[in-house]
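Engineer: What follows is a single structure, and I will ask about it in a moment.
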Amino acid sequence: MTDQAFVTLTTNDAYAKGALVLGSSLKQHRTSRRLAVLTTPQVSDTMRKALEIVFDEVITVDILDSGDSAHLTLMKRPELGVTLTKLHCWSLTQYSKCVFMDADTLVLANIDDLFEREELSAAPDPGWPDCFNSGVFVYQPSVETYNQLLHVASEQGSFDGGDQGLLNTFFNSWATTDIRKHLPFIYNLSSISIYSYLPAFKAFGANAKVVHFLGQTKPWNYTYDTKTKSVRSEGHDPTMTHPQFLNVWWDIFTTSVVPLLQQFGLVQDTCSYQHVEDVSGAVSHLSLGETPATTQPFVSSEERKERWEQGQADYMGADSFDNIKKKLDTYLQ
């Protein structure tokens, strides 16, 4: 269908790698819809040419920054300010209906059935389920809606300093009016939710259609071993509880995206791709040899407590589920 599209956004060359993997995963699962990507002037001309190979339409837009630095600081994610550029997706009136997907999402199955949904359809946010997560949503492009969103952005801003707060303010009836607009969680499976509700993931995770790599560390920031075809563990990263989704991301990246980047001179060759700052200062590593063992520094109980309170628990080490269970067992005996 030429009047419907999957839409994503990249504001720099680092996120463009995510967009390339997303687009490749949509094609891999044989979508019949067009693919469009919004880019900002910060995306290099060379990377834009690479995007044009995967996407049917590459559209440059001006950055609309919320400027809400206090809220962004509170969220510890100041880069989210520029994601208000997502509002431009409502101006794509050449399409009758679209599905927006963040560049840090990955498609695991055909999801063309999302176009049967109405605006605004989205999955609950794992942090506050009465709000929807704006990483995946169905919408209908409209100049009127676009202008109304700009007005809300200007007059009210965003309660979280990013696009999700603004969109939840605008579509404020999502939580209560129509359950049909609540997408199942499998259409926007948060990678950080896997650890927090492991039993549900074990029961339903096999049905996941889209995984969303929330958090500061993105798939392209990890180290990948081409021999084992697996991502190296990163200490207390909860995403590594079930790294299979990261491995799928990297498999698509190495087989479909790296050759494209090589074609445009963004990387020289696979063998020299270890520890190379290939695009816009963002490092993607391919570990071609032995992965050196790392020793974890000693952390006092007070430091551990402080890290817990800041949401930085060592999920893969001292604060793993098995270690917590052992500690609880000593008290219950």
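In case you wondered, yes, glycine gets a Cβ from its N, Cα and C as well.
Predicted, not measured: the structure shown is a model, and the values here were computed from it.
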Engineer: Swiss-Prot has D102, D104 down as binding Mn(2+); which of H212, H242 does it also list for that site?
Structural biologist: H212
Engineer: If you check Swiss-Prot for O-linked glycosylation site, which of Y15, Y139, Y195 comes up?
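Structural biologist: Candidates were Y15, Y139, Y195; Swiss-Prot attaches O-linked glycosylation site to Y195.
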Engineer: Look through S32, S44, S121, S301 and state which residue has the annotation phosphoserine in Swiss-Prot.
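Structural biologist: Checked Swiss-Prot: the phosphoserine annotation sits on S44.
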Engineer: Look up S134 (UDP-alpha-D-glucose binding site) in the DSSP assignment and report helix, strand or coil.
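Structural biologist: It is in a strand.
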Engineer: Output, ordered by sequence, the same-chain residues six or more apart from D102 (UDP-alpha-D-glucose binding site) with a CB under 8 Å from its CB, or 'none'.
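Structural biologist: T8, L9, S134, G135, V136, H212 - these are the non-local Cβ neighbours of D102 (UDP-alpha-D-glucose binding site), listed in sequence order.
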Engineer: Roughly how many Å separate the Cα of G215 (UDP-alpha-D-glucose binding site) from that of S44 (phosphoserine), to the nearest whole number?
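Structural biologist: Taking the Cα atoms only, G215 (UDP-alpha-D-glucose binding site) lies 25 Å from S44 (phosphoserine).
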Engineer: N12 (UDP-alpha-D-glucose binding site) to S44 (phosphoserine): how many Å between their Cα atoms?
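Structural biologist: On Cα coordinates alone, these residues lie 8 Å apart.
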Engineer: Give me the Cα-Cα distance between D163 (UDP-alpha-D-glucose binding site) and S44 (phosphoserine), rounded to a whole Å.
Structural biologist: 24
Engineer: Rounded to the nearest angstrom, how far is the Cα of S44 (phosphoserine) from the Cα of D104 (UDP-alpha-D-glucose binding site)?
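Structural biologist: That separation, Cα to Cα, works out to 19 Å.
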Engineer: For the binding-site residues listed here (N12, S134), tell me which residue's CB has the most neighbouring CB atoms inside 10 Å.
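Structural biologist: In terms of Cβ crowding, the pick is S134.
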